[in-house]
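Below is one structure, written out as structure tokens; the observations come after it.
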Amino acid sequence: MWWDERVSARFRRNLQPTLTYWSVFFSFGLCIAFLGPTLLDLRCQTQSSLSQITWVFFSQQFCLLLGSCLGGVFKRTLAQSLCALFASSLAISLVFAIIPLCHNVVVLAVVMAVAGLAMGCIDTISNMQLVKIYQKDSAIFLQALHFFVGFGALLSPLIADPFLSDTNCILSNGTANTSSNLPHIRKSLVPHHPGNLSHYDLPMKGMVVTRVSYAFWIMALINLPVPIAVFFLLYKERMVPCFNSSSHPLLSADELAMEARPTEKDDLSTSVHRPHAAGGHDDLFSCCQSKNFRGASYTYFAVHITGALVLFMTDGIVGEYSGFIYSYAVEEPLSVVHKVAGYLPSLFWGFITLGRLISIPVSYRMKPATMVFINVVGVLITFLLLLIFSSSVVFLFVGTASLGLFLSSTFPSMLAYTEDILQYKGCATTVLVTGAGIGEMVLQLLVGSIIHDQGSYSFLVCGMIFGGLAFTFYAFLLFFHRMYPKPSSDTDAVSPDKPAVMDDTGQYQR
């Protein structure tokens, strides 16, 4: 195996929780990418204007950000975390089942806001729990976690595609004049941003003929095993109230041998590592309490801020690129055929998923800091080449694939890197998840308004600027890493490579 026996043993001891957190992130990905291709059918279902239906995007993104901020509230015990994940994954299945029943755009926006809250909780809690379990070995498992987001994001549009309307899904006297616009409009509705489509005059009244309901019910069924998996983990940990027992599961002989160590080391490990579990990974509001700042150096804050700013830029690039690449491709000078340009967002997400899959073994051999450096430099160079060869359709496809690869592992690598710098004592997970969410929401709105005023070429210019800022903030992060106080000799004496401690081996703290 391409990892050593120590990491393999840790993975075996935490197999069920790890697989459960990965599956929950699949729910996240399944829910994040379905709105774009189905938005026109949902517009027909709610009989609303395009300007009204686009608010559904905002409600989901805003509540995803809010859920990311609030997700840390449920981290205090394992029971709270698992109950929140169970409720969130079940809520996503219920959202998929309820969407076909939403015939009012306001009701649909409220339902998608609930989905956004669930997705935000999943995002924060799953990242936190994996970091808690694996700590310095968490990079490889975080890469796998984010692979499942891409996998879900690829799957949901494929499920929806057979049920999308080929002609206008509201039949009226004006259908013949408007149906020809539909393929062009649909291709513009990519997973993150619907673009400026208000100038398309589609009929508002008539008989709804969409079959998209079947797609949502299929996705609800596909997602249903996820809350079931979380429930089984709750049951295994004796946290289901009706099945609660005073006795806890016994360790196997192999696990007992791994855990057994001399008493002196246990005492030392407890004194060193238990404050880590107690002090870190707070929710955003707890992180902002003044008691957490006492005695902290300026580099402590600088690491949090610069790490969040890097992800603000890189996750913002993911949102704005997937949202506007189609619009850029169909405009002059490229003037790509609509059907061909429609493959660009899928190509982008496909290579993000492929990159996350490749990053799983790579992250075991390469330090997270090195991976982030390669990512931000690769993003900057790709945008530079896209600007130089802005008239080449072939390079647009090559650059889109390259950008997806470089952006794919940025978030999990940055998360592992900053948590490692802070020795798992800070609020890196919460701050970074929040920064990434804000960037994805804000940069989409910013780039959309700039493109509207300055033209499609500004799309690449904005990407180049954001990539340059990401590289600059990462350079500052490297500087503050050098300035950050090194761990004490006592901490060094108890290496996290030795699985002697309950916290360090990833055993749960109730």
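Cβ atoms here come from the backbone N, Cα and C positions, even for glycine.
The region 'Disordered' annotation in TrEMBL covers 488-510.
Residues 53-54, 56-57, 60, 85, 88-89, 92-93, 95-96, 112, 115, 118-119, 122-123, 126, 129-130, 144-146, 148-157, 159-161, 164-165, 169, 182, 185-186, 189-192, 194, 212, 215-216, 219, 222-223, 225-226, 229-230, 345, 349 of the same chain sit 6 or more residues outside the transmembrane segment (21-40) yet have a Cβ under 8 Å from a Cβ within it. What TrEMBL lists as transmembrane segment is 21-40 (among others).
Summarising the annotation, TrEMBL assigns transmembrane segment to 52-74 (among others).
Residues or ranges marked as transmembrane segment in TrEMBL: 81-99 (among others).
Residues or ranges marked as transmembrane segment by TrEMBL: 105-126 (among others). Under 8 Å from some Cβ of the transmembrane segment (105-126) lie the Cβ atoms of residues 21, 24-25, 27-28, 31-32, 35, 42, 46, 48, 52-53, 55-56, 59-72, 74-75, 81, 84-85, 87-89, 91-92, 95, 98-99, 145, 429-430, 433, 437, all in the same chain and six or more residues away from its ends.
The transmembrane segment annotation in TrEMBL covers 138-159 (among others).
Marked as transmembrane segment by TrEMBL: 214-235 (among others).
What TrEMBL lists as transmembrane segment is 300-328 (among others). Residues 187-188, 190-193, 195, 293, 334, 341-342, 344-345, 348-349, 352, 372, 375-376, 379, 400, 403, 407, 410-411, 414, 417-418, 421-422, 426-428, 431-432, 434-444, 446-448, 451, 456, 459-460, 462-463, 466-467, 469-470, 473-474, 476-477, 480-481, 483-484 of the same chain, all 6+ positions outside the transmembrane segment (300-328), place their C-beta atoms under 8 angstroms from a C-beta of that stretch.
What TrEMBL records for 340-358 (among others) is transmembrane segment.
The feature transmembrane segment is assigned by TrEMBL to 370-389 (among others). Beyond the ends of the transmembrane segment (370-389), by six or more residues, the same chain brings 139, 310, 314, 317, 359, 362-363, 395-396, 399, 402-403, 405-407, 409-410, 413-414, 417, 460-461, 463-464, 467-468, 470-471, 474 to within a C-beta distance below 8 angstroms of the stretch.
The transmembrane segment annotation in TrEMBL covers 395-417 (among others).
For the transmembrane segment (429-451), the residues of the chain that approach it from at least six positions outside its boundaries are 61-62, 64-65, 68-69, 71-72, 120, 123-124, 127-128, 131, 192-193, 195-196, 281-284, 287, 304-305, 307-309, 311-320, 323-324, 327-328, 411, 414-415, 418-419, 458-459, 462, 466, judged by C-beta separation under 8 angstroms. The feature transmembrane segment is assigned by TrEMBL to 429-451 (among others).
Residues 299, 302-303, 306-307, 309-310, 313-314, 316-317, 320-321, 324-325, 327-328, 369, 372-373, 376-377, 379-380, 382-384, 386-387, 390, 418, 443, 446-447, 450-451 of the same chain sit 6 or more residues outside the transmembrane segment (457-480) yet have a Cβ under 8 Å from a Cβ within it. Feature annotation from TrEMBL assigns transmembrane segment to 457-480 (among others).
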Selection from 52-74, 81-99, 138-159, 395-417, the stretch that has most Cβ pairs under 8 A to the transmembrane segment (340-358): 395-417
Leading contact stretch, 52-74, 138-159, 214-235, 395-417 vs the transmembrane segment (81-99) - CB distance under 8 Å: 214-235
Tertiary contacts of the transmembrane segment (395-417) (same chain, 6+ residues out, Cβ under 8 Å): 127, 131, 138-139, 142-143, 145-146, 150, 307, 310-311, 314-315, 317-318, 321, 325, 329, 334, 336, 344, 347-356, 358-359, 362-363, 367-369, 371-372, 374-376, 378-379, 382-383, 385-386, 389, 428-429, 432, 436
